[in-house]
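Engineer: Got a structure for you, written out below as structure tokens; questions coming shortly.
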Amino acid sequence: MNQFYKRHFLRLLDFTPAEIIALLDLATELKKDKKSGCEQQKLVGKNIALIFEKDSTRTRCSFEVAAYDQGARVTYLGPGGSQIGHKESIKDTARVLGRMYDGIQYRGYGQRVVETLAEFAGVPVWNGLTDEFHPTQLLADLLTMREHLPNKSLNKMTLAYLGDTRNNMGNSLLEAAALVGMDLRLVAPKACWPEEAFVISCQALAQKTGGKITLTEDIAEGVNGADFLYTDVWVSMGEPKEVWQERINLLKPYQVNMRVLTLTGNPQVKFLHCLPAFHDDQTTIGKQMAEQYDLPGGMEVTEEVFESAHSIVFDQAENRLHTIKAVMVATMSKI
């Protein structure tokens, strides 16, 4: 029986460094098989529930296509498609769905919700995103980094993340760096740093794995020598508009632009973004942002960087599929 069978995937620190590498190796194998047309279906007859309290493009498509590729069937429960937490408790929902499904994905708000689902469902539960963590995204990121620097192991790579580091991406990056021994720099104003106690705990683990975690407000110091630059949106659609101006003013200096790429001193530096990105005014929100906040060239990243040869964001997006498939196969298949 494989080491992942019937386990949950709630956050990265639930796994050992070796287990994270094993999942990445499985994703690489599954991706190769899909590309060559020789993929073997290991989830035939399995039924999967996808609970989305927050809408999504990449996460939903990745789970659905991964399931179909492997012969499984899915039921999508959107923001208005279930009674979870409204007419029915999370605990009761978990016990009902666990009788009908072989695996459950949750994308929503508090981490406690997905943990409660896992506690009572009796089947593997996977975290597609919560306010605190985004572990499936980090698996895709690590796979993408390995692919683009094949001659470097993860524990020899340097990644600088610019922007608001207090969110689920900042937390999951900390966990990932600590586990694989990466050199991680969180480059942000102090007001946007993660919780200190959590940072300290990840730094302690990083010391054991050979990693290094640095927090700095200094952009030049933070990005110097980086192999990868990473950013995410500065504001979320669910946040009140009143906080947008303050956040944007705070983070404007941390925009990823060509000047920042030059500061790395690495002409081969690559750019990562978990998407969607506000890099132009070709969307309703993007146009509104550009006009209202004087951001004609993009918000967290400029159009110039996003469309450049440095950008590997669509390789990164594709790898959501292969890494999510690896998680499902590993936790629902005995072999």
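Including glycine, each Cβ sits where the backbone N, Cα and C put it.
Predicted, not measured: the structure shown is a model, and the values here were computed from it.
The carbamoyl phosphate binding site annotation in Swiss-Prot covers Ser56, Thr57, Arg58, Thr59, Gln83, Arg107, His134, Pro135, Thr136, Gln137, Cys274, Leu275, Arg320, and the record cites sequence analysis as its basis. Annotation comment: Swiss-Prot describes Asn168, Asp232, Ser236, Met237 as L-ornithine binding site, evidence class sequence analysis.
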Engineer: Compile a sequence-ordered list of residues in the same chain as Asp232 (L-ornithine binding site), six or more apart from it, whose Cβ lies below 8 A from its Cβ; state 'none' when nothing qualifies.
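Structural biologist: Residues satisfying the criterion: Gly163, Asp164, Asn167, Met169, His273, Cys274, Glu300.
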Engineer: Identify, among the binding-site residues Arg58, His134, Arg320, the residue whose Cβ has the fewest other Cβ atoms within 10 Å in this structure.
Structural biologist: Arg58
Engineer: Rounded to an integer, what is the Cα-Cα distance in Å between Thr136 (carbamoyl phosphate binding site) and Asn168 (L-ornithine binding site)?
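Structural biologist: Approximately 11 Å lies between the Cα of Thr136 (carbamoyl phosphate binding site) and that of Asn168 (L-ornithine binding site).
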Engineer: Cβ atoms within 10 Å, counted per site: which of Ser56, Thr136, Asn168, Ser236 has the most, among these binding-site residues?
Structural biologist: Thr136
